[in-house]
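S.K.: Have a look at this one.
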Amino acid sequence: MDVFNHEAFSGHEQVVFCQDETTGLKAIIAIHSTALGPAAGGCRMWHYRDNSSALNDALRLSKGMSYKNAMAGLSLGGGKAVIIGDAKTDKSEELFRSFGRFVNGLGGQYITAEDVGISVSDMEVVSQETPHVAGLNSGLAASGDPSPFTARGTFNGIRAAVKHQLGKDSVAGLTVAVQGLGHVGWHLCKELHAAGARLIVADINEDAVRHAVKEFGAKAVSCDEILFAEADVVAPCALGAVLNETSIPKLKTTIIAGAANNQLEKDTDGMLLRDHKILYAPDYVINAGGIINVAAEIDGKYDRKWVDQKVAAIYDVLLDIFKRADREQDATSTISDLIAQEKIAQALQADRSGKTESSGAKKDIVA
Ligand SMILES: NC(=O)c1ccc[n+]([C@@H]2O[C@H](COP(=O)([O-])OP(=O)(O)OC[C@H]3O[C@@H](n4cnc5c(N)ncnc54)[C@H](O)[C@@H]3O)[C@@H](O)[C@H]2O)c1
């Protein structure tokens with residue numbers, strides 16, 4: 001495994017390989033960038049095929065966090081941790097305490113939280129060893145479940161896409177197809193229904209579908225049909241890689257705007273969407289509501305008003321991306337990457353030329 005020549009290593013500041021033979025901990029902490037502030041991103045526990053897959057996941061996800069945090073206007077960099085192991089059988093208090101000591105050893109350069117396979121209670125254990133943890137249920141600034149904030153941001157993003165693509169100020173009377181009625185999808189349906197949108201829904205969980213039909217008058221379709229529904233907007237809120245060479249030509253909508261992470265199977269799928277005249281709201285921009293809420297917790301003085309303003313700003317950030325993509329005839333996903341890279345590069349330059357008091361400025365997370 002050649003880390004320095006690994007294609008996903010590009011731009012990373014630091015990668016920490018953590019091993020504790022006593023507790024069985026094997027983890028990788030990838031810090032992509034601290035230019036904008038301490039690297040924040042969740043910790044995932046997964047039974048990886050091999051160590052190389054674990055490294056690849058950590059590197060890809062940490063870069064994604066840098067871009068997401070930059071676009072949300074947070075004073076946070078990007079990082080991610082992966083614990084190699086089976087979340088069903090390999091968890092122990094000692095293992096998470098050991099992970100907490102590694103996080104603590106980074107002196108606040110990396111702030112961890114829950115991700116796939118990790119629960120709030122696991123993070124409560126980690127927090128016994130380090131203060132550099134977010135997403136807790138208790139404590140002075142605990143921010144609780146981020147999903148309603150992710151859903152609100154996604155709703156704002158849908159409004160921006162509707163404004164840009166259809167010239168409408170409201171979703172009232174429009175049809176939105178929501179794929180996945182989990183934590184985010186459900187709250188999103190609630191917002192859309194309250195705003196007068198008609199809903200088409202699908203989920204592998206039949207109870208959730210029945211509930212949405214009853215609660216929101218939604219039309220239920222099969223999981224195979226939802227992406228290709230006749231709808232003004234399709235909102236993927238379940239799986240990644242749903243947009244690819246096979247699915248894109250079959251889409252009947254002109255707007256894709258949903259919360260799922262990593263919706264594009266390949267980077268080139270962004271341009272394929274543009275070629276098909278489909279407006280795509282880049283996933284890490286539209287789904288930033290949750291990290292915005294977590295950022296308020298990291299700051300140590302949870303301020304709901306600040307959170308609401310930042311989540312509302314997702315509307316304007318997306319409109320700017322859509323307009324620049326049209327001007328430059330490029331994919332919205334590419335434009336978003338470019339803006340994030342510009343923000344990170346500017347912060348790095350300011351840091352190097354001594355324009356920021358690095359440690360002090362980085363502590364002011366919600367500046
Ligand atoms: N929770 C957050 O705050 C947050 C923040 C940013 C991004 N996201 C992303 O948003 C997406 C949804 O997150 P969540 O927290 O709601 O997850 P969740 O697990 O609560 O919900 C996912 C839902 O998708 C359904 N599903 C799975 N496969 C499906 C399929 N083939 N067709 C239709 N439905 C299917 C599941 O049954 C479940 O109800 C994920 O991609 C997640 O990474 C979530």
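In case you wondered, yes, glycine gets a Cβ from its N, Cα and C as well.
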S.K.: From the ranges 8-27, 328-347, 348-367, pick the one that TrEMBL records as region 'Disordered'.
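M.R.: Comparing 8-27, 328-347, 348-367 with TrEMBL, region 'Disordered' matches 348-367.
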S.K.: Running a distance check here. Ligand 1 versus the recorded positions K80, L181, H183, V184: which have CB less than 6 Å from one of its atoms?
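M.R.: What lies within reach of ligand 1, judged by Cβ under 6 Å, is L181, H183, V184.
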S.K.: List every residue in the same chain as V184 (NAD(+) binding site), at least 6 positions away in sequence, whose Cβ is under 8 Å from its Cβ.
M.R.: S147, T150, A151, T154, C237, A259, N287
S.K.: Can you give me the residues near the recorded NAD(+) site, meaning same chain, not G180, L181, G182, H183, V184, G185 themselves, Cβ no more than 8 Å from the center of the site's Cβ atoms?
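M.R.: In sequence order, the nearby non-listed residues are S147, V178, W186, H187, L188, D203, A208, C237, A238, A259.
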S.K.: Let me make sure I understand the structure: which of the recorded positions listed (K80, H183) has the fewest other Cβ atoms within 10 A of its Cβ?
M.R.: H183
